[in-house]
Amino acid sequence: MVGAGVLSLPYAMSELGWGPGSVIMTLSWIITLYTLWQMVEMHEMVPGKRFDRYHELGQYAFGEKLGLWIVVPQQLTVEVGVNVVYMVTGGKCLKKFHETVCPSCSNIKTSYFIVIFASIHFVLSHLPNFNSISGVSLAAAVMSLSYSTVAWVASLEKGVQADVDYSYRAKTKSDGVFHFLSGLGEVAFAFAGHNVVLEIQATIPSTPEKPSKGPMWKGVVLAYIVVALCYFPVAMIGYWVFGNSVEDNILISLEKPAWLIAVANMFVVIHVIGSYQIYAMPVFDMMETLLVKRWNFTPCFRLRFITRSLYVAFTMFVGIAVPFFGGLLGFFGGLAFAPTTYFLPCIMWLAIYKPKRFGLSWTTNWVCIVFGILLMVLSPIGGLRTLILSAKNYQFFS
């Protein structure tokens, strides 16, 4: 659950302001916990059947063809978007680590560090399934908790800056609106575990006496407690210390102590290595299923090797071409994460369970749907503008 998006939360707060930022973060935490509960409940709602993929649940709710067309494009956008962002994150944090450890060394291009980060995935991507990467996932979970703690503790230790300014970072009203919209997307990106939750629940043994939703829900609650302990201190303390001068990655704003910042950046690298694989696994599964079932390819190591290597290469080249962390978060956060995380589970719940109109369940789901749709429509506008402005003075593949 805790992704690299946590590092941009102080930046999102500087775009949203104290009041709106605090409200949106709290609402996002509550709504996404509720929609995650819905997905855990719906995993085994049909006796003797488990919906192990997001699109299988969509097909049950909306019909075979429509369900596929509603869910798969959105899920792919999320997973590919996260992988691109994690390529950029891994490369930039390797670069920051290098600069911190060896400040006198000659400057190396960010694109080279992204290639170094990608080379790890050319190896790891050939592990067959989720159980194979459980060790990597455990390391990623420990690292995310560690660098989140370093981010807010180091900020607290640094203390409020003498020239701190909590006014909106935009200078004009139009800029302020676009920054606000981008900030919405950055918050949405941070809450992004729903796209692989069914695949993860599918690995838990289940019997009629002991269904998988019991241990899965315990895991979800624990994960969300950790999310709260990571996200809120990083967002609030980071913004409190740096104000509107905070960078889109809080670790870049922190310079000292050098050894701790270097270690925190390496924690991020280890974390995004594991998280990249978790989000890539469903994409590998979809690609290989399509090639075998639709185009009659023979399932073999060669097929897996070629498809997975091509996918890693694709995300690497996109990351090198557009290495703008904040803009990518704002754009993908709204475009892809809002539907699959904030309101698609609610629509499925209404379609399947058909709760009483204007009852508590019906009203709650519609509130989540309206909030999520506004997020999906508005935040990509701000994120796209940030990307365009960032690209103005950027030399591609530099």
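All positions are counted from 1 along the displayed chain.
Keep in mind that glycine also has a Cβ here, set from the backbone N, Cα and C atoms.
Caution: TrEMBL annotation is automatic and unverified by curators.
Feature annotations, courtesy of TrEMBL:
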DOMAIN    1-382  domain 'Amino acid transporter transmembrane'
TRANSMEM  16-37  transmembrane segment
TRANSMEM  110-127  transmembrane segment
TRANSMEM  133-154  transmembrane segment
TRANSMEM  220-242  transmembrane segment
TRANSMEM  262-284  transmembrane segment
TRANSMEM  305-325  transmembrane segment
TRANSMEM  331-353  transmembrane segment
TRANSMEM  365-388  transmembrane segment
Selection from 16-37, 220-242, 262-284, 305-325, the stretch that has most Cβ pairs under 8 A to the transmembrane segment (331-353): 16-37
Determine which residues of the chain contact the transmembrane segment (262-284) at the Cβ level, with the cut-off under 8 Å and only residues 6 or more beyond its ends counted. 3-4, 7, 53-54, 75-76, 78-80, 82-83, 86-87, 89-90, 93-94, 96-97, 100-101, 117, 120-121, 124-125, 127, 129-130, 133, 136-137, 139-141, 143-144, 146-147, 150-151, 154, 195-196, 199, 251, 254, 304, 307-308, 311-312
